[in-house]
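Okay, structure first, notes after.
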Amino acid sequence: MTTASIIVAAGRGTRAGGDLPKQWQALGGARVIDWTIAAFAAVPEVAQTVVVLHPDDMDRIAPREGLTTVEGGASRSESVRNGLESLAESGVTRVLIHDAARCCIRPALIARVLDTLAEGALAAAPALAVFDALWQGDGKTVTGTQDRTGLYRAQTPQGFDFDTILAAHRAHDGEAADDVEVARMAGIDVQIVEGDESNLKITTPGDFARAERILRDMDIRIGTGFDVHRFGEGDHVVLCGVAVPHTRGLQGHSDADVGMHALTDAIYGALAEGDIGRHFPPTDPQWKGAESHIFLRHAVTLAGEKGYKINNLDVTLVCERPKITPHAPAMQAALADITGLATDRISVKATTSERLGFTGREEGIAAQAAVTLVPK
Ligand SMILES: Nc1ccn([C@@H]2O[C@H](COP(=O)(O)OP(=O)(O)OP(=O)(O)O)[C@@H](O)[C@H]2O)c(=O)n1
Ligand SMILES: C[C@](O)(CO)[C@H](O)COP(=O)(O)O
């Protein structure tokens, strides 16, 4: 199966206000439409995307590998039709039709629609059941109530067998709220897929702030760190905050806690904040012999100041000796104390390098770490 997505963006966004149609307005550091395009570009099944644009906007999106643009029409359904026609000879077998204005679309929702199509549905669309009471009103007073049984709020992406929806659009005359309506007019059954509250359609001015909050909540950061320290004189090594008896010590400007250094660098990395050397220069004598928890505490605090908390962390120590496993619980506890994380979100593990390389020759210890940060 070859899947395409069509992102309709030819509307004028009159209800949203602003100097530009809503899809071109800035949101969380990018244009609304850029978030939408990026969401579909990240789906491996989507081989190509057609962005449907107003004739005045054709130069706002540059066509590129996997992305073409086409002019839209006076109504949403005309715009969709133009997008479908542009794919008519492409060999595409499935299509996802999505509003540019739904920029908080999450991969899991796209996957649910695709899965339903893969199970054999000709049409599948996300929706949320209506739970609030429904009224009729004249703008000022309630004039009646409406039974909400069996009512849904429709969302996009609406997914279809390509030939089926192309034929339905070609046969359709006039307006339609969405492509589900076009499909149903052609007698096609549409499967309801569980929608997502965060998949809002920016429609009114207040929706921009809501969408920005949702996008921010989706901002997950990953960081990695790597460090090495050489063995020297000594009777213990400090690893992840724990003094482990050994026949040698680790050399370094600080206490040479290679595990904590890798972890600290992973946090700085997730924040795009350089590394320990940038925040605690080795040329500065005040950090000579410093305990490494100072560095880790600084990185954790910096993450908090930037609006993130650590979600989980994973440290791997690479050495033949000392054996780490007996000390791993104490290391987890030390890291939990500094980071404020529960120990089931802290992994400390070790491996030998099969006697290969500098760690195999017991010239030093290496450590690597990975961390995820999520919005607080
Ligand atoms: N002629 C049209 C009208 C709408 N759309 C697109 O369809 C989606 C859903 O429509 P809506 O939210 O109603 O957008 P607008 O028509 O732009 O908004 P408004 O009705 O407030 O002007 C939007 O991404 C919009 O750009 C389109 O491609 N072509
Ligand atoms: C297709 C749609 O997003 C389904 O909810 C919606 O109908 C399009 O927007 P409009 O505001 O109804 O034009």
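Each Cβ is built from the backbone N, Cα and C atoms, and glycine gets one as well.
Quick look at what TrEMBL annotates:
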REGION    1-220  region '2-C-methyl-D-erythritol 4-phosphate cytidylyltransferase'
SITE      Arg15  site 'Transition state stabilizer'
SITE      Lys22  site 'Transition state stabilizer'
SITE      Arg148  site 'Positions MEP for the nucleophilic attack'
SITE      Lys201  site 'Positions MEP for the nucleophilic attack'
DOMAIN    220-373  domain '2-C-methyl-D-erythritol 2,4-cyclodiphosphate synthase'
REGION    221-376  region '2-C-methyl-D-erythritol 2,4-cyclodiphosphate synthase'
BINDING   Asp227, His229, His261  divalent metal cation binding site
BINDING   Asp227, Val228, His229, His253, Ser254, Asp275, Ile276, Gly277, Thr351, Thr352, Ser353, Glu354, Phe358, Arg361  4-CDP-2-C-methyl-D-erythritol 2-phosphate binding site
SITE      His253  site 'Transition state stabilizer'
SITE      Thr352  site 'Transition state stabilizer'
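Contact annotation for recorded positions (Lys201, Asp227, His253, His261) versus ligand 2: Lys201, each with CB under 6 Å from a ligand atom. Across the recorded positions listed here (Ser254, Thr351, Thr352, Ser353), the residue whose Cβ sits among the most other Cβ atoms within 10 Å is Ser254. Reported as a whole number, the C-alpha separation between Phe358 (4-CDP-2-C-methyl-D-erythritol 2-phosphate binding site) and His261 (divalent metal cation binding site) equals 19 Å. Close to ligand 1, meaning a Cβ under 6 Å from one of its atoms, are these of the recorded positions Arg15, His229, Phe358: Arg15.
According to DSSP, Ile276 (4-CDP-2-C-methyl-D-erythritol 2-phosphate binding site) sits within a helical segment. Asp227 (divalent metal cation binding site) has Ile276 as its nearest neighbour among the recorded positions Ser254, Ile276, Thr352, going by CA to CA distance.
Neighbour counts of Cβ atoms within 10 Å were compared across the recorded positions His229, His253, His261; the minimum falls on His253. In the predicted structure, the region '2-C-methyl-D-erythritol 4-phosphate cytidylyltransferase' (1-220) carries a mean pLDDT of 97. Note: the Cα of Thr352 (site 'Transition state stabilizer') and the Cα of His229 (divalent metal cation binding site) are spaced 15 Å from each other.
For the recorded sites Arg15, Lys22, Arg148, Lys201, the largest tally of other C-beta atoms within 10 A is found at Lys22. When the recorded positions Arg15, Arg148, His253, Ser254, Ile276 are ranked by how far their Cα is from the Cα of Lys201 (site 'Positions MEP for the nucleophilic attack'), Arg15 comes first.
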